[in-house]
Ligand SMILES: O=C(O)/C=C/C(=O)CC(=O)CC(=O)O
Ligand SMILES: [Ca+2]
Ligand SMILES: [Mg+2]
C-alpha cells in the first residue's frame, strides 16, 4: 500500500463532467452526483430506511437493494447507518461506484426513477444510533480566544500542543437539523462571589464544528495505529455544540464541560462519505516554528500529507422575527490543529474501543480573523461588544426565536464542489 492510498482514491465517481439524469442534480449546490451522501429517511409515514441525496431528491436504497453489490447489501436494509458504517472500506467504495453508475447511466433510469422521492416529501431521521459522542478542542484559535476569557493568565494551557484535548459528550441529546433547541436552565452565578441560582441560561451560544463518523475500529484494549485510522473515518457532518456559557463558567472546573453542553447538539443529517471527500484532502498546515513535534503514535507522514480537509465553513443567524439569515462567520477546516486520524489514534491509544456509529466533534473551528469566529463568546470578546445585525438588532448571546444555520462546502481546483447540507437550530424558550 502506498502512502497516499490510506484514504479512498480519486476515481471516475469524482469526474466533474459526470452528469446525473435526475432533474436539477447537476446544478445542486450540495448534492450533485459527485457527492452521494447517505441518510435515514421515511416517506408518507413509512419506516425509516437508508437513502442517498441526489439534488432535490432522495433515492430509497432499500427499494433497489437488488441492484446494489451483493457484498454489504444487507447493511442498507436497516433503519440506521450503523451497519453501513461497520462495512469494510472496499465494500463502501463498491457501493459508491454502483450508486454513481445507477444515477448517471440513462439505461438504468427506468429501474431507478420510481424509487426517487422529492426531498421535500421525506422526513429525515438520525443517521445512526450514536453509542458515544466525544467532542475535541482542535480549533487552536478558538482555544486561545476562549482561554483568554476563562483563564486570562494562561489562555492556551501547556498540554494543548502535545495532546488532542477532548471530553466525553452526551450521545442521547444529539439531534438532527431542524429540531428546536430548548433554552436550558442550569446553575449560574450572576456575579463573582455570589451564591449560585437555578435559572434559564442568559449566555446561550453556538459552536461551529465538524462531526466525524466512526466505522469499524479497534477492539477493547487495542490501540488503533494512526496508519489504520483513515479506514475508521467513514464520513463527516456539520455539528453545532450549543453551549450555555454562564453554566459552563461556573461548573467546568476541574472536570470540564458537563450540563453546559449536554442539553442539545445539532448535526446535519447526511453522512458525506470518506469516498466522496477524496478530492478534498489536503496537507495538514505545517506547525508553526517552535511547536513540539507530535509523539510518534500521533504522527504519520501520509496523514500529514493528506489528512486535512478543504472545507469552507459558514455560520448564518436568522434573528427572531427576521426573514433573512445574516452571514456572521466564515472559517475553514484547515484551522484544526489535529487531523481526524490523530483524533482517532489518540482516542484509542489507551485501549478505549471506538464503535461504528460513534461521533467525534472537531471542536469549534475559528479562523484567526474577526470575520472567522465560530462562537458568539469569541465574536463579542467575552460578552463585551455586542454584534450588530443589518436590521439594527444587536446580540451578545442568542435570544429565543433566533436560528443558527451552519453550512460547509468542500472544493478543490478541477473538481465539482459538494456541500454538507443543513445544520439548523432555532432557540425556543
Ligand atoms: O475551558 C475551555 O477552554 C473551554 C472548553 C469548551 O468550550 C469545550 C468545547 O466544547 C471545545 C470546543 O468546541 O472547541
Ligand atoms: Ca464544542
Ligand atoms: Mg455513552
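Just so you know, glycine gets a Cβ as well, placed from its N, Cα and C.
Heads up, TrEMBL stuff is auto-annotated, nobody curated it.
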Taking TrEMBL at its word that 135, 207, 209 bind Ca(2+), choose the one of 107, 231, 241 listed for that site.
241
Segment confidence, the domain 'Fumarylacetoacetase N-terminal' (34-127), expressed as mean pLDDT:
97
With DSSP, how much of the domain 'Fumarylacetoacetase N-terminal' (34-127) is helix, how much strand and how much coil, in residues?
40 helix, 23 strand, 31 coil
For the recorded positions 142, 151, which one has its C-beta crowded by the most other C-beta atoms within 10 angstroms?
142
Spatial neighbour of residue 252 (substrate binding site) that is closest, considering only the recorded positions 135, 142, 207, 209, 261 and their CA atoms:
261
If you measure residue 207 (Ca(2+) binding site) to residue 248 (substrate binding site) at Cα, how many Å is it?
14
Can you list which of the recorded positions 135, 137, 142, 207, 241, 252 have their Cβ under 6 Å from some atom of ligand 2?
135, 207, 241
